[in-house]
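Undergrad: Take a look at this one; I'll ask things after.
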Amino acid sequence: MAFIRKKERSKERFSLLLLDLEEYYFEQHTAYQLTNRCPSQKSKFRGSFKVCSKSVIFEPEDASEPILKIPLKDCRRIEATEDNERNPFTESKPPCISMESRQVYLIKDGSVVAPYKIERRDQDFLFQLEISRKTEDVVQTLLQLHRASCLDKLGDQTAMIAAILQSRLARTSFDKNSFQSVTERPHMECEAEMISPLVTNPGHVCITDQNLYFQPLNGYPDSAVQIGLHSVRRIYKRRHGLRPLGLEVFCSETDLCSDIYLKFYNTKDRDELYYYIATFLENHMAEHTAESYMLQWQKGHISNYQYMLHLNNLADRSVNDLSQYPVFPWVVSDYSSPRLDMMNPASFRDLSKPIGALNTERLERLLARYRDMPEPCFMYGSHYSSPGYVLFYLVRVAPEHMLCLQNGRYDHADRMFNSIAETWKNCLEGATDFKELIPEFYGKDASFLQNELSLNLGKRQGGCSVGDVVLPPWAADAEDFLEKLRGALESQYVSEHLHEWIDLVFGYKQKGSEAIAAHNVFHPLTYEGGIDCDSIEDPDQKIAMLTQILEFGQTPRQLFTTAHPQRITPKFHNVSTATTSSSELSPLSPSEDSSFEDLTEESKKLAWSNMSKLSLQSSHKIHKEAVTGIAVTRSGAAIFSTSQDSTLKMFSMDTNALQRSVSFSNMALSSCLMLPEDQTVVCSSWDNNVYFYSVAFGRRQDTLMGHDDAISQMCWKDEQLYTASWDSTVKVWRCVAADINRNKRSQFELVAEFEHDAGVNTIAVSPAGTLLASGTKDGTLSVWDVGSSSILHQLNCHSGKIHQMSFSPDSRHILSVGEDSSLKVTDVQTGMLISTIPAEEEQRCFCWDGNTVLSGGQSGDLRVWDLLTSKVTQKLPAHTGAVTVMWMSEQCSTVITGGEDKQIMLWRPQY
């Protein structure tokens, strides 16, 4: 239905859907059909004589008369002839086009959309062109097309028609009188075809510095299509007919139907046009990746419905291509109860299985056949999405499309889309029925469920006519049915399990061993790259293969190669079977201090919403080398900082002056942190040691000699100190803060050690203290379970050293920055890299709230990033060298940065 919302031409009976599939409409002429209906006199009907590549179509102006379609392959004779009543004493009459055919289709008799009437008998047809001098040329064109239609081999027919088409395109060019402005400058011109469902319309493309134009060769339905480049919002490269030739342009961010879909004759033209249009986009398509949409969906910024549309778009699914129509899942399984209980899991379909695997008995039969099948073997002989299935659902609003697809006939009445419950039952039990749904089931236009056009779709075996679709008892009417399905799609259950269906259709269970294990194997021809049609030399075989693929349906382009993460929902439970406790990934239950926590969260949100208004309060050059660590007392009265100059310094905010400077060795200090109660500062050093400095006594009170190489970073959580080292280990030490604060000598018990293949440069501990993330010099990111000391995930995240990483506040994601000048977001549950954001330069350090990032770069600037749009929203000049460290207060109201310029700077967002 999305493709039917285009401009309707209700007064015009002709449409390109009257042509055969892959047939072209070349030209039209005003003409008269001369008939001998009454023996005493000739009748003369004025109309439009249309020359097509495989037929002649005559559309009478009298809407009560049927449209005639004469297949050229059925013609015995085509010639130019004068009226056979020539008389030497009367005025010469203009020549006519005489055709003798064995078969003719009568379409839209009485202007009613109905199955075509076919007359199979020899008949003569006589047409007189209003501009008679064109008669001979038209006849010669028809004879040429007739020869093509009568060739024995389909490949030869196609090749000859293609040659005729290219000749016509070469003899014409884009008419620049269509330009909207005389100041427009053309950038390129080429030939292409405009694509709509089941229809291709060849013509000329021209793109200027202001507009994109398409001029159909036949001038139908308009002389030119024009799209302003500055109105374009999205563009997608498309795979059409299994070849990378398509381009789809949208002037809306949300509309399901594009403004134009073009198929080019070579990839070079397509790509040149794509990149030229991209320069006009405010949001370049490179930012619209599956990973960026995934992040928005996970956090609840877009709905399940919107996410499905985005994934379909990215996977080459388009409403203009019925062989690759957007696919949506069945989510409800109860179509018999008087009330749909969305709190009952039994009301929903198991989204972890393909349709073919939902019925165990049927699956066993299919698997038995699969095991005995020779190569190439497959489990399902039909697909879950195909042109036939799409029009099965939409026949009531797209009857002409169904008639086009099925050679002028509807399907048998008992095989039509009669009932929701019957269709679901057949999908569960039918031997060859594995279809999923289409977006219309989750939209707001219910007309596809109602026979509002009063179509005669036939009678079923019981004698009743096919009318409206029978709805389940829990639906009051068609609108209520769609509303409840939309509610089901956005429900708690579906939100928690939709990622499992994504794995099957768009993800890692689509192909290979995972697909076999998930019982998700379709015919090899349905997969991208399943066959290289260009390598098939036999034209007949190639066309037959293409036809089979396009009619059978195609599997979406694979978007994910690892498990898709689960959505974050308000009532999240049992998200992981791994030893990562579910409490780590679940919201905390309300506590007695919930009102205080709410206030804290609101103040944090307010601060982050104003982070782009960060204002410098003061700056202090207190070190002789780059600053490496910052720790601040809870009151904010004292700032401690470490540096490569080997000193720990204390700066007093009360006196605005440096108060202390301490050196533990002659080696650089790499980081520092403040223990609870603000009595002890812990410093790590390149001399392999950790030093504990007593604020009250002003001296070193303890030393931990823990590593065999420089210590790069430390973290503290729940009486445990985490130390990362270039000796390729992370060690966890048990030490009680209260004992250290009381100046009691600690034993520093080693409770865990995590081995790596390269030096560890940065670590982070999750807010709940159950997960540890580590980043190495070679760019490897690892996620560890602290309780079991086991590794959960490991991935090659960056192409160089990882500078810093941090968990999001909800522990769902890890953000990291590295030498490769990129920000990367990793999903904690699956270990999947879900977003890569390129930066102009290396980002050395950052703070973030899960959505917004404040980072410090190599040049000394601060940047504010919106992760959902992957854009820098503010850039602030700060240090004169790289920003090396960043600290943020718990309320997010104060930021302190340190840099290679030996300074510390204090910042506050302005409200």
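Each Cβ is built from the backbone N, Cα and C atoms, and glycine gets one as well.
As listed in TrEMBL for this protein:
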DOMAIN    181-278  domain 'BEACH-type PH'
DOMAIN    282-567  domain 'BEACH'
REGION    575-596  region 'Disordered'
COMPBIAS  576-593  compositional bias 'Low complexity'
REPEAT    620-661  repeat 'WD'
REPEAT    704-733  repeat 'WD'
REPEAT    753-794  repeat 'WD'
REPEAT    795-836  repeat 'WD'
REPEAT    849-875  repeat 'WD'
REPEAT    876-911  repeat 'WD'
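Could you place these features in context, so I can see how deep they sit and what lies close by?
TA: Within the model, the repeat 'WD' (620-661) shows a mean pLDDT value of 94, rounded to a whole number.
Within the chain, the repeat 'WD' (704-733) has long-range Cβ neighbours (under 8 A, six or more residues past its boundaries) at 667, 670-673, 675, 682, 684-692, 748-765, 769, 772, 774, 776-777, 784, 786.
Across the repeat 'WD' (753-794), DSSP assigns 0 helix, 26 strand, 16 coil.
Residues of the same chain lying 6 or more positions beyond the ends of the repeat 'WD' (795-836) and with a Cβ under 8 Å from any Cβ of it are 289, 291-292, 294-295, 298, 560, 562-566, 568, 575-576, 580, 584-585, 587, 761-768, 771, 773-781, 783, 842-850, 853, 855, 865, 867, 870.
Within its own chain, the repeat 'WD' (876-911) has Cβ neighbours under 8 Å at 600, 603-604, 606-608, 610-611, 613-632, 636, 639, 641, 643, 651, 671, 842, 844-847, 849, 854-864, counting only residues six or more beyond its boundaries.
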Undergrad: At a C-beta cut-off of under 8 Å, are there same-chain residues at least 6 beyond the repeat 'WD' (849-875) that contact it? List them, or none.
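TA: Residues 283, 287, 292, 295-296, 299, 301, 604, 608, 611-614, 808-810, 812-813, 815, 817, 823, 825, 835, 837, 839-843, 881-886, 888, 892, 895, 897, 899-901, 907.
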